[in-house]
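Trainee: According to TrEMBL, the feature active site, schiff-base intermediate with substrate maps to 196, 249. Marked as Mg(2+) binding site by TrEMBL: 234.
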Ligand code: PBG
């Protein structure tokens, strides 16, 4: 058989395959989410996220030093707020001596070059477990945005490099940008969760922070997974309002959205490989049904290939180890 072109020539050995690989992972790609708890000496495994932990601040600082030594350059902080501090205003979120604020300072003191990004949303602080302030069973947009601005400024004051609003209220990026500028934090960046879908795959995360909504669901603010064009509208508005980095979340069921966003904006695009996506790989690997390391690398490569410049992932350390 005579063939003018044989595509298998470029697949015939590991050497040629690695030379022509179009997508390569590197430690620079990853943002490491960290769950932080009050107390000292605490390291609690999250039952639905085997191998992932909620650490007290002392252990978190140790972890951050290790991450930096591995070449990981960015952490995304989430804190577990104790129940007695939760209310419907979310005011613990901008307590200058709150766990988040103390964590930002401690991490920046210990590893000043580590980029510290902080989750901005009221759910861990809300007695209702919602991302906004509740009135008559509704999540009210505009007063929530005011709260998110206070929260963002307080994170900036504590030394955060980027605030990462994950709440999906309308107009919050512009308001946060204005708030940061107005308070003298013109160097603080915004990584916006621009296209965040109402997803069942957040379940394990809500276990980690005890932040599941107390009533209803998040469908009046997070996006409907049927929609694609809407993701572009949301993202373009966030860029217009001043987002430095945009995000698609979750990642795996939304690879088409990541690509479409990548083709539509000229700012860096991140994707969040979320808790449920982590849990599925861990569970299948535990059953012996898939090879964990291969599944991790194939998954992360697919997210980057789809168009993500940055990937927030609970697999960051594993990936760096596997990359060698
Ligand atoms: C809170 C927030 C959530 C996640 C990140 N920030 C949960 C939610 O919206 O209910 C999910 C992360 C994950 O599942 O890994 N606004």
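Backbone N, Cα and C atoms are what each Cβ position is placed from, and that goes for glycine too.
TrEMBL entries are annotated by machine, without manual review.
Provide an account of the burial state, proximal residues and distances for the features listed.
Mentor: DSSP assigns residue 196 (active site, schiff-base intermediate with substrate) to a strand. In sequence order, 166, 168, 222, 223, 247, 248, 249 make up the list of same-chain residues 6 or more apart from residue 196 (active site, schiff-base intermediate with substrate) whose Cβ falls under 8 Å from its Cβ.
Around residue 249 (active site, schiff-base intermediate with substrate), taking its Cβ as the centre, 25 other Cβ atoms fall within 10 Å, counting all chains.
Taking all protein chains in view, 22 other C-beta atoms sit within 10 angstroms of the C-beta of residue 234 (Mg(2+) binding site).
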